[in-house]
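According to TrEMBL, the feature domain 'PurM-like N-terminal' maps to A:22-129. What TrEMBL lists as Mg(2+) 4 binding site is A:23, A:37, A:67. Taken from TrEMBL, the feature Mg(2+) 3 binding site covers A:23, A:67, A:192. The Mg(2+) 1 binding site annotation in TrEMBL covers A:38, A:39, A:112. Positions annotated as Mg(2+) 2 binding site by TrEMBL: A:39, A:67. Summarising the annotation, TrEMBL assigns substrate binding site to A:46, A:279. What TrEMBL lists as ATP binding site is A:111, A:112, A:137, A:194. The Mg(2+) 5 binding site annotation in TrEMBL covers A:195.
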């Protein structure tokens, strides 16, 4: 069985590791650093049953704005390509994406429309970031602390039936303001936790060549959310970041220290190896 | 029955006509004009049977680079989101897209990988253009001439079985160099003919509030390609543009004058109304 992280290694071998180690890429245009990110979502795997078209549009915009924000960038615009199973869905989807963009300071600036047997949406975000505020997964250093914003696991709880967190799941709020504040404050690495904290720690670990030692007791939990859900479930859009101990608190950012960065290369929780699992696309065939 | 141009009107009502009247959008970033364009392609409707994965990757890049070029922009980078039916296809697709990008001066800078029952690829291109060279569908003026580059209809001929034009269909060459040269020379409007000359003339007509009078005899034809094919078939990536008569010839651009811009609002060929048909996605339901 292969998952999308295996496939990413194939792509990495063709276009270069630097271009595949983050959810965004940065290109220089004149004096500006342009941040780009693209995400493909499908009805059967990404949009829980019961979502409205407006929520589908909102979520599609949110996931990409979250990636842009996790680089420390200011989002500018979003494109939305929709493969529609039913043409009338375009109005709700467009309205939801536009509202999400406006809420977070970006413009829904265009897209593409197509027919598809299964609703498929690809959003591409563009943002801008200064050299000194550009954050990736690569800067974590042993001795740093590792933190999350918000209370992860709520979307996962909703997926398991908790109605109180339904909106967390279907109308996620990308941490655009927080990402920018943390970047300006000088965090050393950052990404969103959309695939869950566990997988995200492994991603940071691989990119920064470091390990982590976190504690279950430190995980910030909303009522009814288990530490397991916080660690292993996806669909939340908080930020995971590392920084020197002197940086916190950052005014305007609600975050929690969950552990420290180590030089071991291992991801441990209370001394035990964290399972490398979370939100991931999987294929049954061998590559 | 509705087609994608009907749906575009719905989107236009939500995000504004200016953002939907071209295949690209332009956003200002600092002192730069950034051009963005996104295209969704599916195996069943966009990739003729017999294409290799490398060709699928190439074509996916080419269609978007063509849109970027039709604005007069210099392409910079491309993102590719792939919904894969079989994971191993990613290597050929990525290699094809990378080769196309490199051929036309852009970088394949990232993307997303997902599972999909039907192979689905969304490419998003980014380019840069100066104010004075930024071209849209909106600048055609009565009295201008209307021209095409290359010899359209070859891809359409291949779709109807002509083997000699198979490569035109599956390894299209976006007119990146030509688009830039024409923009610098000062054409008044420009777009690519990927949906066919007829539909493209209607698009220019709607955006520029003008009409066209072209002549069948003027259509530049490759051997075995009928004027009908040149007018109504899609899949070619030449450019359709309007300009003052004094602009031609443009050094380095092989193009043909096919008619004139009128103030009638009608699209005529030899005095007869051109059918509004070409390459278009259609849905059977009513919107």
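Glycine is no exception: its Cβ is also placed from the backbone N, Cα and C atoms.
Distribution of TrEMBL features across the structure.
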residue : record                 : Cβ within 10 Å
A:23    : Mg(2+) 4 binding site  : 26
A:38    : Mg(2+) 1 binding site  : 26
A:46    : substrate binding site : 21
A:67    : Mg(2+) 4 binding site  : 29
A:111   : ATP binding site       : 32
A:112   : Mg(2+) 1 binding site  : 25
A:137   : ATP binding site       : 22
A:192   : Mg(2+) 3 binding site  : 26
A:195   : Mg(2+) 5 binding site  : 23
A:279   : substrate binding site : 22
Between residue A:279 (substrate binding site) and residue A:194 (ATP binding site): CA-CA distance (Å): 8
Three-state secondary structure, which DSSP defines for residue A:37 (Mg(2+) 4 binding site): strand
Chain-internal residues near residue A:39 (Mg(2+) 1 binding site), provided their CB is under 8 angstroms and they sit 6+ positions away: A:60, A:63, A:64, A:67, A:122, A:123, A:124
Residue among the binding-site residues A:37, A:194 whose Cβ has the most other Cβ atoms within 10 Å: A:37
Length of the line joining the Cα atoms of residue A:38 (Mg(2+) 1 binding site) and residue A:23 (Mg(2+) 4 binding site), in Å: 8
Residue A:137 (ATP binding site) and residue A:37 (Mg(2+) 4 binding site), distance between Cα atoms, whole Å: 15
Subset of binding-site residues A:38, A:111, A:137, A:195, A:279 within reach of chain B (CB-CB under 8 A): A:38, A:111
Secondary-structure category, per DSSP, in which residue A:67 (Mg(2+) 4 binding site) falls: helix
Where the residue listed as 'Mg(2+) 5 binding site' falls in three-state DSSP terms: coil
For residue A:192 (Mg(2+) 3 binding site), the one of A:46, A:112, A:279 that lies nearest, given that the binding-site residues are compared by Cα: A:279
